[in-house]
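Following this message is one structure expressed as C-alpha cells.
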Amino acid sequence: MSKINVFWFRRDLRFEDNTALYYALKENLPLLPIFIFDKNILDDLENKQDARVEFIQNTITEMNSKLGAKGARLKTFYSTPIDAYKALTDQYEIESVYTNRDYEPYAKERDKEIESFLKERGIGFFTFKDHVIFEKEEIVSGSGTFYKVFTPYSKAWLEKYTTNKPTILPNGLNSDKWFSTEQSEIHSLKEMGFQKTEINIPSNSLKEELIKKYDELRDFPAQDATSRLGIHLRFGTISIRQLAQKAESINKTFLNELIWRDFYAMILANNPHVVNNAFKPQYDHIPWLQDEEGFEKWCAGITGYPIVDAGMRQLNQTGFMHNRVRMIVASFLTKHLLIDWRWGEAYFAEKLLDFDLASNNGGWQWAAGTGTDAQPYFRIFNPESQTKKFDPELKYIKKWVPEFGTSKYPKPMIDHKFARQRALNTYKAALA
C-alpha cells in the first residue's frame, strides 16, 4: 500500500490561504482531505435544528464537489476523532497528518489524544497557526509577560503586524497532489440526527463600502452596517489574514475588531479557567440570583425594555445580534437582573451563528465586569439612554418588537433605578 498524507479540515473550511493545507500540499505524497463530524460535540447539542451544523454540512458538501472535479474526494466521519483515526489508520498507510491549531480547551485535549495515538504508530502530527494573526506567545510586553489590558496589547499587535505582515497563500484546490479516492457521500444532516433550518447564512464576501463607513455606523443597530462575517471567521470560510489586509487598507476601526478577536483568543489560551470562572477570582463571590423566571423573560425578549427585547428576538429568529445590542442585553442580565453571566453566555453559545468560545466568553465577562479589561462594575447601561443614543427613531425596536407602544407590550419587569442601586450594592459588598 502506497503512503499518503492526511489533511484534517476543522475551523478552516476553505482551500485558499490555508496554512496547514499549503504545507501539506508541498510534500511529495498524495493528500487525503478529511472532516470529522465530532460526536463529542454534536451529540451534546440539544437543538437538532442547528443552523451552524447545517452550514458546516453545506460547506463540506460544496468543497467535496470542487474536489470531485479534480478526481478527489473529501472523506467524512460521523464519530469521535479517535474512532475516525482508528478507521483511517486501518485503511491507509499514513505518513503524516496536517491540521491548523485550535485553542479551545476541548480542542487542545482532543489534539493531544490524537497526536499520542498517531505517535504510537509512527505517524507525524503537524499543526500550524491559521485561525489568528498572532498566537498568545507572539504578543508580549517588554518584560515578556502577557497583556491583560487591550490598549497596550493592540499597540504591540499593530507594531508587530506592520513589520510582520502575513503572506497570503495560494489556493490549494489547484494542486495536483490530491489523493484520488473512491466517491464517497458526505454525511447527511439526517444521518446525524439534525434537520434543515430556515435561518439564512450571510455571505462571506466583504462589502468594502460597508467597511469604509464602519466606524460611523457600527453602533446603530437599525443600520445594516456590520460585516456579518462572524460565522465565516468561526469556521474559517474566510481567511483572517485576507480580512486583516483589507481592513488595514480600508478602515482601522474594523481592523481593531480583529485585534479584539486575537486578544480574547490569547486570554483564553493563557487562562483556561475563564471558561467556568471569572477572570478576576474576586468576582466569583458575587451572589447571583437563581431567577429562572427572569432569565426566561430575558431569553424570550419580554422584559418590557424594548431595546433588550429587540435584541433577544433578533437573536432567536436569525442567530445574529448587533454588537452594540449584545452589550446592552448582557449588561441588563448581569446588572439589572443580577443573573450569572454564565447563564447568558451559555444561551448565546446555543443561539449565535458566530459563536466563538473566546470572543463570547470575553464579551460576557466584559459586560459583567468580571473579565480582563472589563467595564467597571459601576458602569451600568441605562437601556432607555442607549435607545435614545443608538436607535433614536426606534426603527430597530419596531422591526423586532412590533407590539411596542400597544397594550400587548409588557411593562418593565424591573425598575431601572432600583436595579442599578441593587447591582451597585451587591457588587460592592461582594468585592469588599
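Just so you know, glycine gets a Cβ as well, placed from its N, Cα and C.
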According to TrEMBL, Phe254, Glu257, Leu258, Ile259, Trp260, Arg261, Asp262, Phe263, Tyr264, Asp354, Phe355, Asp356 bind FAD; which one of Tyr214, Tyr283, Tyr377, Tyr396 is annotated to that same site?
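Only hit among Tyr214, Tyr283, Tyr377, Tyr396 in TrEMBL's FAD site, alongside Phe254, Glu257, Leu258, Ile259, Trp260, Arg261, Asp262, Phe263, Tyr264, Asp354, Phe355, Asp356: Tyr214.
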Nearest by CA distance to Tyr214 (FAD binding site): which of the recorded sites is it, out of Trp288, Trp341, Trp364?
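It is Trp364, whose Cα lies nearest.
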Of the recorded sites listed here (Trp288, Trp341, Trp364), which is spatially closest to Arg261 (FAD binding site) when Cα positions are compared?
Trp364
When the Cα-Cα distance from Trp364 (site 'Electron transfer via tryptophanyl radical') is computed for each of the binding-site residues Glu257, Ile259, Phe263, Asp354, Asp356, which gives the smallest value?
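Spatially nearest to Trp364 (site 'Electron transfer via tryptophanyl radical') by Cα position is Asp356.
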Looking at FAD and its recorded binding residues Tyr214, Phe254, Glu257, Leu258, Ile259, Trp260, Arg261, Asp262, Phe263, Tyr264, Asp354, Phe355, Asp356, figure out the farthest C-alpha pair and report it in angstrom, whole number.
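22 Å is the greatest Cα spacing among the residues binding FAD.
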I'd like to know which of these recorded positions, Phe263, Trp288, Trp341, Trp364, is least surrounded, judged by other CB atoms within 10 A.
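Fewest other Cβ atoms within 10 Å, among the recorded positions Phe263, Trp288, Trp341, Trp364, is found for Trp288.
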